[in-house]
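Notes follow once the structure below has been shown.
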Amino acid sequence: MNALSPRARLAVVLLAVLLLGGGSLGYVLRARQQAAPQQTTADASFTLAGPRLYYRDGDTGRVAYQADPTTAPVIGGPSCERFHAAGDTALCLQRRPGLPATADAVVLDRQLRETQRIALPGIPNRARVSASGRILAWTMFATGDSYATSAFSTRTSILNLNTGYLIKSMEQIPLTIDGTRYHAPDVNYWGVTFAADDNRFYATVATKGRTYLVQGDLAAWTATALRENVECPSLSPDNTRIAFKKRVTDGPDSPWRLYLLDLRTMTERPLAEPHSVDDQAAWLDDNTIGYALPTPDGHGTDLWSVPADGTGTPRLTVPGASSPVAVL
Amino acid sequence: MTYLATTGRRDDAPAPPPTGGGAGRRIPATVLALGTVSLVTDVSSEMVTAVLPLYLVLGLGLSPLQFGFLDGLFNAASAVVRLIGGHAADRGGRHKRIAGIGYLLSACSRLGLLLAGGATAGLATALAADRVGKGIRTAPRDALISLSGPPETLGRSFGVHRAMDTTGALLGPLVAFTVLWATADAYDAVFVVSFCIGLLGVLVLLLYVPGGPALPTVSLSAVSRPTPVRTKALAPLRDPAFRRILAVAALLGAATIGDSFVFLLLQRGLDLAPGWFPLLPLGVAASYLLLAIPAGRIADRFGRRLPFLCGHLALLGGYVVLLTPLTPAAVVLVLVLLGVFYAATDGVLMALAGPVLPAVGRAGGLALLQTGQALTRLLGTAGFGAAWTLWGQRPALYAALTLLAVALTCGWALLRNPSHPERPTP
C-alpha cells in the first residue's frame, strides 16, 4: 500500500475516518436511543407492604414484588442496583452513569419516598437495613485503591437514622483477632447484618488474604473476629443463626457455597444449594434462605431459595431477579 | 495484501538521515507515523482498560475475584509472546507485518469482548488476544523506530514516540467516559468505538509506515526466502555491551516497587478521597508526556546512560518523599518525579540499547531487554508487597530505598565502563 501516492493515501485515511467515525457515531446514537431512562422514583401506588417478597427486576432494574404466584409481578419501584428494606425504611443503591464509578445511597420511607440521598464513590454491592429500620449499612466496591493492580477493595458505610450519624468507612473500627488488637493497612469490611437490638452486628473482614466473621458493637465501636472463612453473613430473624458464603476452592471457578452457622453452638453446616453463590443471602422467613444465582447463560441472575437447615433442594423463586427481601 | 509485496522494495524508505549529525531537526517520518499509530491505538486500548473492571463486574456480574483472575491470567504469558514477536520480526525483517498483526489482533479483541457476553471462556480469549497483540507488536515497533533514523537522534525519536503514545493513553479514558455518558453506560458502544479507532490505527500503520526497516542486510531476498543471517533468540546475549545494559535494566527493574504501590502510599499518606484516586496516574502520564521529548534530546546530547540513571535517581527521590509527612505539594512532587523517571528511562533505554544491537537482530534484542525488565519489575513489586505485609509500610519503603540505591550504584559502575562506543556513528 506504500505504493500509493501521498494524495491517495490521505484520501484512504480520510475515507476510513469518515466510515469508522460514522459507524461509531451511529452505534453510539443507537445505544443512546435504546438506553432506558433510569426510573429514580417509585410509582405512587408502589409502597412497602407485607408480607411480600420484594426484589430487583433484572430487565428493568426496578424494584418489584409478586403479590401472589399466579399473577404477574408488580414492577413499580425505583431503579436500584441493590435493594433492602425493613421496618419503615428502604435502602436503594443507585448507580450513576459514567466514569469513575459513583453511586447514590437513597434512603426511602415505607411509601418509597426519598428521605435522604448520599453520594458515594464506587460500585454498589451490599445493602442492609436493621429490623427496626433505624440502622442502615451498605458496601461499595472501590476500584483503584488496592495495591494488587486493578483489583477491587470494599468500603462499608453505616448510617444511624436515630442520630443521623454516618460512618463513611468502618475501616477504622478497633478490631480484635485471636484476642489481640489487630492493626493492618489492608483491612476490608463488607456485608454487614444487624441484630434486633440495633447495636450488635456481624460483618466480614478480610486481611492478608483471610476472611473472618466479626461480631461488632455499634455503641462501643468495637469488632471481634469470631471465626475464619465466613463471608457476607446474614442473621436469621430470630438472631440465632447466620447464613453465609464460605470459600471452598481457591480458584475462580465456583469458589463459594452457602453455609449456615449456629451462633449458640458455633457449628456450621452446608445448605443444599450445590452452586457457587456470590450474594449476601436473605432470610425469607425463619426457615428459608433466598439468594441470587447467575442464570445459565451468564446474563443476569435468578432468585432461588433453599431450606435453612441443610435439607431439601433449591427452588427457583423468581426468574431474572436479585436483591431479595422479605418485607413483613 | 500489497504491503507485503513492497517489503523489500522500499520505494518509500525513510529519508536518508541528514548528514553532518547535529543539523538534523526533522523527526523521521517513520517515527511520526508510528507515533500516530501508537496514539490512535492507545486511545482505543485505554478506553477498554478504563471500563473493563466496571463492565465485567457491573455489566456481567462477575465477582471481583473472577475479574482478578481474568486480569492477571495473561500477564506472564505476554512476556513470552513479546520474545516471539521480536524474533519473528527479525526473521526476514518483517517488522511491519508482525507489528501490524499485533495491532490488528488487539483491535479485533474488542469485537471478541462484544460477542463473548457473559461467557468467561470467551472473555478470557478476547483478553488473551489483546495481550498477545500488545506483546508481539512492541519490540518490532521499537526496532522500526530505532532503525528509522541515525543513531545520534534516537533519544529524540523515542521521546517523540513515547509522548504521542502517552497522549493517546490520556485521551482514551476521556473518550470512554464521553461514550458512557452519552449512552447511559452502554459498554458495547465503548467496545465498538474502540474497535473502529483500533482499525484506524492499523490502517495508518499500513499506509504510512514503510514496509521494511532501513537495513542493508534485508533485501529482496527477505520476501522470497529466509534471510541467510538467521538470528537466534538469545544471540544478543553474546554481546558484552548488550549484556551489561540488560543486567542494569533488570537490576534496576527489580528495585522498583510498582506504580500501584506508590499511588496507594500516596492515598494513605494524605487520606485522599477515593474519587481523586484515578487522577494520580493521570498526573504521572501528564508529566511523562511533557518530559519525554526533552529527556530524549538530553540523551542525544549527553549520552543515554546519564538520563537513564538520573531517571532512577528521580525515582529514588520519589521514595524519599514518600517517607516524609505527605502534603499535597509532596504528592505533586512524587507524581512529577515518577513522570521524570519514565521520561528518562523508557524510551531512553531503547535508544541506549538500539545501536548496540545488530540491525538484523534488533527487534529480538529489544524484546529480550523489555521482557527482562518487565519480569524483574514484577519481581520487585511482588517483593515490596511481601515486605509491606511482613514488616509494615515504612520498613518496606526503607528496604526499597536501600535496594534502589545499591542497584543504582551497581548500574553506574556497569554502564560507566566505556568498552563499547555508545554512538557507533559519531
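Cβ atoms here come from the backbone N, Cα and C positions, even for glycine.
The shown structure was predicted, so the numbers you read here are calculated from the model rather than taken from an experiment.
Mean predicted confidence for the domain 'Major facilitator superfamily (MFS) profile' (B:30-419): the pLDDT average there is 85. Annotation source TrEMBL lists domain 'Major facilitator superfamily (MFS) profile' at B:30-419.
The annotation region 'Disordered' is assigned in TrEMBL to B:1-24.
Sequence-distant contacts of the transmembrane segment (B:166-184) (same chain, six or more residues past either end, CB-CB distance under 8 Å): 38-51, 190, 193-194, 197, 278, 282, 285-286, 288-289, 292. Per TrEMBL, transmembrane segment is recorded for B:166-184 (among others).
Annotated transmembrane segment per TrEMBL: B:190-209 (among others), in sequence order.
Here the transmembrane segment (B:245-266) has long-range neighbours at 237, 272, 277, 280-281, 284, 312, 315, 318-319, 322, 326, 331, 334, 338, 349, 352-353, 356, 368-369, 372-377, 379-381, 383-385, 388, 393, 397, 400, 403-404, 406-408, 410-411, 414-415, meaning same-chain residues at least 6 beyond its ends whose C-beta is under 8 angstroms from one of its own. Look at TrEMBL and you will find B:245-266 (among others) tagged as transmembrane segment.
The annotation transmembrane segment is assigned in TrEMBL to B:272-294 (among others).
Beyond the ends of the transmembrane segment (B:374-391), by six or more residues, the same chain brings 75-76, 79, 82, 249-251, 253-258, 260-261, 399-400 to within a C-beta distance below 8 angstroms of the stretch. According to TrEMBL, the transmembrane segment annotation covers B:374-391 (among others).
If you look up TrEMBL, you'll see B:397-415 (among others) marked as transmembrane segment. Residues 244-245, 247-248, 251-252, 254-257, 265, 305, 308-309, 312-313, 315-316, 319-320, 322-323, 380, 384, 387, 391 of the same chain lie 6+ residues outside the transmembrane segment (B:397-415) yet bring a C-beta within less than 8 angstroms of a C-beta in it.
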**OP:** For the transmembrane segment (B:272-294), could you work out the same-chain residues 6 or more beyond its ends whose Cβ comes under 8 Å from its Cβ atoms?
**Re:** 156, 159-160, 162-163, 166-167, 169-170, 173, 259, 263, 266, 331-332, 335-336, 338-340, 342-344, 346-347
Subject >> Contacting positions for the transmembrane segment (B:190-209) when only residues 6+ beyond its ends and CB under 8 Å are counted >> reply: 1, 3, 29-30, 33-34, 36-38, 40-41, 43-45, 47-48, 51, 55, 96, 99-100, 103-104, 106-108, 110-111, 113-114, 144, 175-176, 179-180
